[in-house]
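Okay, so here's the structure we're looking at.
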Amino acid sequence: MTLGSKRKTPPGVQLLRRIRGRNWSPKTFRYVILLITFIAYACYHASRKPSSIVKSVLHPEPSTKPPPQAHIINEHPWPLGNVFVKEEANANNESKGWEPFNGKGGTSRLGEIDVAFLACYSLGMYVAGHLGDTLDLRLFLTWGMIGSGFFVGLFGMGYFWNVHAFWFFLVMQMAAGLFQATGWPSVVAVVGNWFGKRKRGLIMGIWNAHTSVGNICGSLIAAGVLQYGWGWSFIAPGFVMSLGGVLVYLFLAAYPEDVGFPDINSNSGKFIKRNRDIEEEEESVEADVEGEESEGSGFRYENKKSVGLLQACMIPGVIPFALCLFFSKLVAYTFLYWLPFYLSQTTIGGEYMSVKTAGNLSTLFDVGGIVGGILAGYISDKFKARATTAATFMYAAIPAMLVYHSYGGISQTVNIVLMMVAGLFVNGPYALITTAVSADLGTHKSLQGDSRALATVTAIIDGTGSAGAALGPLLTGFLSTLGWEAVFYMLVVGALCAGLLLTRLVIAEIREKLGYVDEADASEPLLNDRR
C-alpha cells in the first residue's frame, strides 16, 4: 500500500466541496495552505512565550530596583495606552516570587527550565522529521499541537495546584518540548509540497512572519492575563494551541495529491489520473466528490519513500546551514526567552517598567523580525544567494546588538528603534535558513524527486539549530548573574560564528556570480538551481 492511499481528504475540505459542488483551484489551495500553516506555527510560538513573560514574577529581583513607585492606572491597556508604565505599588505579591524559582539560584533554575524544553525539542526534532516524512502530516501536526497545548496548560496548573516541586515544572516543559518538535518540520514540508522554488525565499519570508506574530500574540496574551495569576499566562496560550490543532485536522491538505492535484516536486513519480484532465478538475469535481471521500485524491503516486537521517545529511549544504543555525538560534532564542526579563531589570530613560509592560515592549523586537525575514527572503531571491544573504545579516547583527545594549537605556524612543533594528538582523537569517533554505535542500536535485525529504532535512537543520536555542538561554541564566554585558558578548560571539560557518558557501556563490565555477564548485550546493 502506498503512502498516499492511507490518507484522506480533510473533512473540512470535503464539507466545503459538498456545499460548493466544486473543487478549489490549486492557487486557492495554496493560499489556504499558507494561511493554515501560518496560524498553526504562530500558535506554536505563542505557547513558548509565557515562560519569558512570567520570569520576573517567578524570580523578582527587588534588590536591583528602587522601592515601588506610586501606583499609576492606565485607562486603556497597551497598545491603546502608554507602553511604558512605572512599577506598580501593588506588586508586593509579585516581589515574593514563586518557590522554587525565587531563591538565590532562581535565574539558574529558570535557565534550566528553558534548556529542558529546548533540549527535548531539539532531540525530538530528528525523530519528528523522519516521522513527518513517513506519516500523514495532517494528523501528525494535529496531535502535536493538541499534546503541546495540553502540557503547556499543565505547567500553568501548577499555580492553581500550589505546586512548588521543581521536577513538576521540569517534566511539563520536557513533555511540551517533545510535542513542539512536531511543528516546524511538518509546516515547512507542507508548504514545500505546494510551492516550487520560484520566489520561494520571498514567499517563505512573508510566511515566516508567523514566528514573530506568534511571539507577539503570545506575549500579549500572557501579559494580558497575568494579573489574574501567572498560571493563566500558560493556560490561555495552551488552549489556543489546541484549537489550532482542530483547525489543522479539519482543513489542512498536506499534499496536493490529497485533493486531486499532482505532486509539484516529483520528477519520476508516476501519476495515475482517475477521471479527466487537471484543468477540468479545477473547474468542477461534482462527479469526484464521493470518490475523493473514500480514497483521498484523484491521483496516486509511486516512488514516494522517506529518506534516512544519514542520507539527508549527505545532501550538499545541509551540514553547513545546520551548524550556522545552531548559533543563529542561540542568539534569537536568547532574546525570545530573556528580553522581557532584561527590560524589567534595567532602566530606560531613568525608569523601571512593570513586568506586563516589559512583555508588551518586547514584542517590538519581533516586529523588526518580521521585516527582517521578508527582507532576507527578497534579497536572497533577487541575487540568488541564500548563504551570502544569511551571513551578511549575521555580521550586521553584531554592531546592532552592541549598540542596543550600550544606548538602549537613553530613552524610550531610542530603545524601540534599536530593538527593532536588532530584531531585523537577528531574525532575518534565522527565518531564511529555517524556511527557504530548508525547503530548497529538501527538494534538492540530488534526490531526483524520488524521496520525500522535506521534513527530514528541515528536522536536521532546525534540530541542530534548536540545540543552540537550548544553549543560549541556559548560558544566559548563569551569565546574567555576572552582568548583562557578559550576555551580550556571548551573543556577539554566536553571531560571528554563524556567519563564519557559511564562508565556504558564500565563496562558492560569489565565484558562481563571477563565472568562476570549476568542477569542484559545480558539485557544491548552489541552492538556487532550478529543476
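From the backbone N, Cα and C atoms, a Cβ is placed for every residue, glycine too.
Note: TrEMBL annotation is automatic and uncurated.
Positions annotated as domain 'Major facilitator superfamily (MFS) profile' by TrEMBL: 35-511.
Per TrEMBL, transmembrane segment is recorded for 28-47 (among others). Within its own chain, the transmembrane segment (28-47) is flanked in space by residues 141, 145, 148-149, 152, 176, 180, 183-184, 187, 190-191, 194-195, 203, 207, 209-211, 213-215, 217-218, 221, 237-238, 240-241, 243-244, 247-248, 251-253, 256, 259, 261, which lie at least six positions past its ends and keep a Cβ under 8 Å from the stretch.
The feature transmembrane segment is assigned by TrEMBL to 140-161 (among others).
Taken from TrEMBL, the feature transmembrane segment applies to 167-195 (among others). If one looks beyond the transmembrane segment (167-195) by at least 6 residues along the same chain, the residues whose Cβ comes under 8 Å of a Cβ in the stretch are 29-30, 33-34, 37, 40-41, 44, 47-48, 51, 112-114, 116-125, 127-129, 132-133, 137, 140-141, 143-145, 147-148, 150-152, 154-155, 158, 203-204, 207, 252, 254-256, 263-265, 434-435, 438-439, 442-443, 452, 454-456, 458-459, 462-463.
For 207-228 (among others), the entry in TrEMBL reads transmembrane segment.
Summarising the annotation, TrEMBL assigns transmembrane segment to 234-255 (among others).
Among the features that TrEMBL reports, transmembrane segment is placed at 309-338 (among others).
Away from its own ends, the transmembrane segment (358-379) comes close to residues 52-53, 56, 78-79, 83-84, 201-206, 208-209, 211-213, 215-216, 219-220, 222-223, 226, 335, 339-341, 343-344, 385, 389-390, 393, 415-416, 419-429, 431-432, 435-436 of its chain (Cβ-Cβ under 8 Å, at least six residues beyond either end). Sequence annotations record features per position, and here TrEMBL assigns transmembrane segment to 358-379 (among others).
According to TrEMBL, the transmembrane segment annotation covers 391-410 (among others). Through the fold, the transmembrane segment (391-410) approaches residues 324, 328, 331, 346-349, 372, 376, 418-419, 421-422, 424-426, 428-429, 432, 484-485, 488, 491-492, 495-496, 498-499, 502-503, 506 of its own chain, all at least 6 residues removed from its boundaries and within a Cβ separation under 8 Å.
Under 8 Å from some Cβ of the transmembrane segment (416-441) lie the Cβ atoms of residues 184, 188, 191-192, 195, 197, 200-201, 204-205, 207-208, 211-212, 315, 317-318, 321, 324-325, 328-329, 331-332, 335, 361, 364-373, 375-377, 380, 386, 389-391, 393-394, 396-397, 400-401, 403-404, 407-408, 454, 457-458, 461-462, 465, 495, 498, 525, 527-528, all in the same chain and six or more residues away from its ends. Feature annotation from TrEMBL assigns transmembrane segment to 416-441 (among others).
What TrEMBL records for 487-507 (among others) is transmembrane segment.
Taking every listed stretch (140-161, 207-228, 234-255, 487-507) in turn, the largest tally of C-beta pairs under 8 A with the transmembrane segment (309-338) is reached by 487-507. Listed as Cβ neighbours of the transmembrane segment (234-255) (distance under 8 Å, sequence separation of 6 or more from its ends, same chain) are residues 4, 7, 9-13, 29, 32-33, 36-37, 39-40, 43-44, 46-47, 49-50, 54, 136-139, 141-146, 148-157, 186, 189-190, 193, 218, 221-222, 225, 263, 297.
Remote same-chain partners of the transmembrane segment (487-507), defined as residues 6 or more beyond its termini with a Cβ less than 8 Å from a stretch Cβ, comprise 317, 320-321, 323-328, 330-331, 334, 338, 342, 385, 387-388, 390-392, 394-395, 397-398, 401-402, 405, 426, 429, 468, 472, 475-476, 479-480, 524-525.
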